[in-house]
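Read the structure below first, then the notes.
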Amino acid sequence: MKSAAVILLAYAAAALLSFVVAGVLPASPVNAVLAGVFAGLAGWPLLTMLGFSRVRPGFRAAMTQVHDMAGIFAGWLIYVITLSGTLSVFRPEISLWARPELRAQPVDPVAATRAAIGWLSQHASHASAWYITPARARAPFSWAAWDENGAFLQRALDPVTGAPDAIRDTLGGDFFYRFHFELQLPYPWGRLTAGIAALALVFVLLTGIVAHRRIFLDFFTFRPGKGQRSWLDAHNLAGVAALPFHLAIAFTGAVTLASLLMPWAALAHYPNAATFESALAPSLSAPAATGAASTLAPVASVLAEAARRLKTEGMNQVYVYNPSDSAATIVILGDNNDRLAFGTHVLRFDGKTGKLLSDTQEKRPAVTAFAVLYGLHVAHFAPLATRWLYFASGILLLVVTGSGLRLWLRRRLRRGNTVRLVALDRMNAGMVAGTPVAFSMFFLANHLLPVTLPDRAEREIQVVFAVWFLLLLLALLMPARKSWQILTGLGCFSALAVALCSAPWGNSVQWGVSLVALCLAGCCVQALRTMRAAHDGG
């Protein structure tokens with residue numbers, strides 16, 4: 001109860017800080033609100049650390065205790081978000097792998113978007129809006145989303161015909177991308193949970209720096225074959241190796257969900273969050289429908305003008321609001337493949353006439369800072385080498401989280417095997433070793449389920465969660481040591497199966513997925529050998 005009170009009081013203080021900063025800062029309302037949001041997001045973990053230092057004796061001892069506490073309560077959530085987020089680094093490549101009907105090829109984003117709008121005009125004309133991600137080299141298909149009779153539909157569209165008929169129904173890499181900040185939970189609960197987990201990770205990392213007295217010295221020390229000492233060395237090594245990245249990815253992840261985590265700053269200038277969001281990005285706002293039927297202007301000239309103005313940026317998103325109404329509006333966002341800031345160049349066209357309404361390039365300081373932090377997190381700017389660094393750093397965060405959970409449980413179990421600790425130890429094996437197996441089932445289901453299966457995309461996700469549930473149940477029903485071995489063995493076989501599903505290895509994406517899967521299988525084999533050696537050694 002005392003710990004919960006400290007966390008809630010720290011949040012209340014951070015919320016007040018965000019409101020005060022937004023209210024007193026001599027800046028425009030939007031800039032002031034964002035500054036308040038940044039202050040609140042940074043303040044919550046720091047104020048929580050300060051609060052715990054006041055209620056527990058000794059600053060370092062207090063940070064050690066709350067580092068352990070926060071790690072065990074948020075560890076599994078951080079682990080699954082990190083795993084899905086790490087896979088999301090190669091979201092377009094996974095989406096292409098999941099659609100073997102397509103192949104990596106040069107595409108014309110303008111022509112592909114024109115074809116997509118043509119298909120949507122015929123098959124989704126009554127939707128209130130179309131949201132289109134244009135085809136590009138990494139993902140040679142258009143990705144469209146729209147509402148139909150209350151249902152939100154998403155499909156990949158052929159870059160030439162604009163139709164989805166020849167492409168299997170799957171979310172591809174978007175499953176992992178959306179899972180890492182929505183957790184398959186309804187809005188806003190999934191996003192709110194992910195945002196809290198991001199700030200919890202910031203808190204765990206900061207307290208870990210304080211708790212581990214020799215953390216930077218121990219970075220140069222690794223003693224294999226020493227049991228718990230080896231686990232602690234691995235924990236420290238992986239934590240320090242990418243510590244700046246881990247702090248940045250955690251904080252920027254919280255920033256992307258800032259409106260849910262710290263809505264209080266907006267109240268200093270705006271009556272509600274929706275009004276603030278309209279002021280934050282006025283060029284993206286959707287006009288109200290008039291009820292008067294109309295047709296879209298020829299989109300070829302609109303897209304050509306957008307391509308001319310965006311130049312090397314290219315198109316990142318195309319929104320068509322009220323496509324069958326006289327208030328039709330086309331909004332085109334520039335990509336940030338040549339800069340960090342995300343979504344700072346927006347074009348707005350009258351959908352009925354095709355006339356350019358505005359060409360906006362963001363210059364407001366706090367909004368630009370927000371766009372940079374957002375861009376750092378989603379990494380659209382990143383070339384291939386940088387994406388691999390993101391991926392490797394994500395793997396290191398998985399090592400930090402998994403080893404930290406195991407260290408905490410092993411330390412507690414040495415003091416006595418309570419029913420609660422034994423259950424936690426078993427569940428930990430299921431989460432840490434079972435989650436990668438469950439996620440690999442998405443790749444296998446994608447290639448093994450019939451292509452014409454109704455609601456196929458939903459069935460792929462159901463396979464993942466069904467296997468995940470069964471693996472967690474299996475882990476709970478047997479000793480942790482045994483379940484670690486079984487689940488690690490399953491991880492090896494599932495990784496090999498994913499590598500085989502990539503046959504005939506006709507492009508770099510199939511080769512890349514196979515090589516990563518084979519590396520994972522090799523890690524599983526080495527882990528099994530280590531477990532058996534430890535068991536044989538007593």
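Note that Cβ sites are derived from N, Cα and C of the backbone, with glycine treated the same way.
What TrEMBL says about a protein is an automatic prediction, not a curated fact.
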Expected hit for transmembrane segment in TrEMBL across 366-384, 461-479 is 461-479
When TrEMBL is consulted, the range among 9-29, 429-449 described as transmembrane segment turns out to be 429-449
Listed stretches 32-52, 237-266, 388-409, 511-528 vs the transmembrane segment (72-90), most Cβ pairs under 8 Å: range 388-409
Same-chain residues at least 6 beyond the ends of the transmembrane segment (237-266) with CB under 8 Å of its CB atoms are 14-16, 18-19, 21-22, 32-42, 85, 181, 188, 191-192, 194-196, 198-199, 201-202, 205-206, 208-209, 215-216, 218-219, 222, 272-273, 275-277, 370, 373-374, 376-378, 389-390, 392-394, 396-397, 399-400, 403
